[in-house]
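Chemist: I have a structure here, written as structure tokens, and I will follow up with some questions on it.
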């Protein structure tokens, strides 16, 4: 008689994905972030659902409905701050997950990598629309500025912006549709994450050495379920500490003022996790050029499999590539800092240099480093 988990149609799928899945014996804690992202998504969907029960997507009542959640709903303040800071946690895990993929050459699984890029775009869209919903000053002006960028598209730009707005400015129609999209997108993300996992399990996981691990596999359960669980507890401990002690640290004070179309905030900026892309956008004086650079800053990830010149998959034994990788990480931190600064010297030139360096490292220096390392290996 076969074990139920191996024969039952539903349990069989779970079994193949999380229990009897053959996994490399040497994957490090950097491989924990996939499961942590799944946890983040579940936290966001659950907290978001409870917020949606009390939120109203109307320009007159949106701001006060968020205040009502925080003041009058049982543990509403906690749900609200879990959801707001959960977005930051999501992006921290997301960027670490992508960084791991770049460092260890996981992008060579092209289907998994490309679906990951689509997931990144979907998550960024969800995060942006969620930021608009509280209808504070930064919500309103952030929505106005970012959606208005589409007007840079030749010929159809203006019509496209008015179509997205549902009028001639960001108003009730915009807020209502943003709420609708913000509600549905996480479920699309969840479905895409399953496809992401499906393609990953076609090839099996990569490992820190970047070499085939078919000869040395271990079952996912109990080894990696336990390991992932440790990551979950550490993550939740850090997250709850942040939510309960520093809930407003990453928010913008301007968002505690209701949206006012007649009063522009001195510095319009998105949430911290978009600042690197915002800095790249601002570093180009031309509007259309900035929009193209903004999209390319994320889309450039799709070129990683094509630009891989090294004979070794992982960067573990490639010191030149390692230096470039950590330079890229530092460069992204500089871009994040610049994105939050006003457009004035010396921030303008720093942003422009950092933007050029970002694309140079990925498109030119990393492929060159791989080529040089191949030559050095032959000595």
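Cβ from N, Cα, C; glycine included.
Quick paste from Swiss-Prot:
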type	residues	note
TRANSMEM	33-53	transmembrane segment
TRANSMEM	77-98	transmembrane segment
BINDING	83, 182	heme b b562 binding site
BINDING	97, 196	heme b b566 binding site
TRANSMEM	113-133	transmembrane segment
TRANSMEM	178-198	transmembrane segment
BINDING	201	ubiquinone binding site
TRANSMEM	226-246	transmembrane segment
TRANSMEM	288-308	transmembrane segment
TRANSMEM	320-340	transmembrane segment
TRANSMEM	347-367	transmembrane segment
Chemist: May I ask which of the binding-site residues 97, 196, 201 is closest to residue 83 (heme b b562 binding site) if we compare their C-alpha atoms?
Modeler: 97
Chemist: Find the member of 33-53, 113-133, 226-246 that has more C-beta pairs under 8 Å to the transmembrane segment (178-198) than any other listed stretch.
Modeler: 113-133
Chemist: Looking only at 83, 97, 182, 196, 201, the binding-site residues on record, which one has the least crowded Cβ, with the fewest other Cβ atoms within 10 Å?
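Modeler: Ranked by other Cβ atoms within 10 Å, the binding-site residues 83, 97, 182, 196, 201 bottom out at 201.
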Chemist: How big is the Cα-to-Cα gap, in Å, between residue 196 (heme b b566 binding site) and residue 182 (heme b b562 binding site)?
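Modeler: Rounded to a whole number, the Cα-Cα distance is 21 Å.
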Chemist: Using Cα coordinates, what distance in whole Å links residue 182 (heme b b562 binding site) and residue 201 (ubiquinone binding site)?
Modeler: 29
Chemist: Under 8 Å for C-beta pairs, could you tell me which stretch among 33-53, 288-308, 320-340 has the largest tally with the transmembrane segment (113-133)?
Modeler: 288-308
Chemist: Could you tell me what the rest of the chain brings near the transmembrane segment (320-340), counting residues at least six beyond its ends with Cβ under 8 Å?
Modeler: 99, 102-103, 267, 269-270, 272, 274-280, 282, 310, 347, 350-351, 354-355, 357-358, 361-362, 365-366, 369-370, 372-373
Chemist: From the Cα of residue 97 (heme b b566 binding site) across to the Cα of residue 201 (ubiquinone binding site), what is the distance in angstrom?
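Modeler: Pair distance, Cα basis, whole Å: 17 Å.
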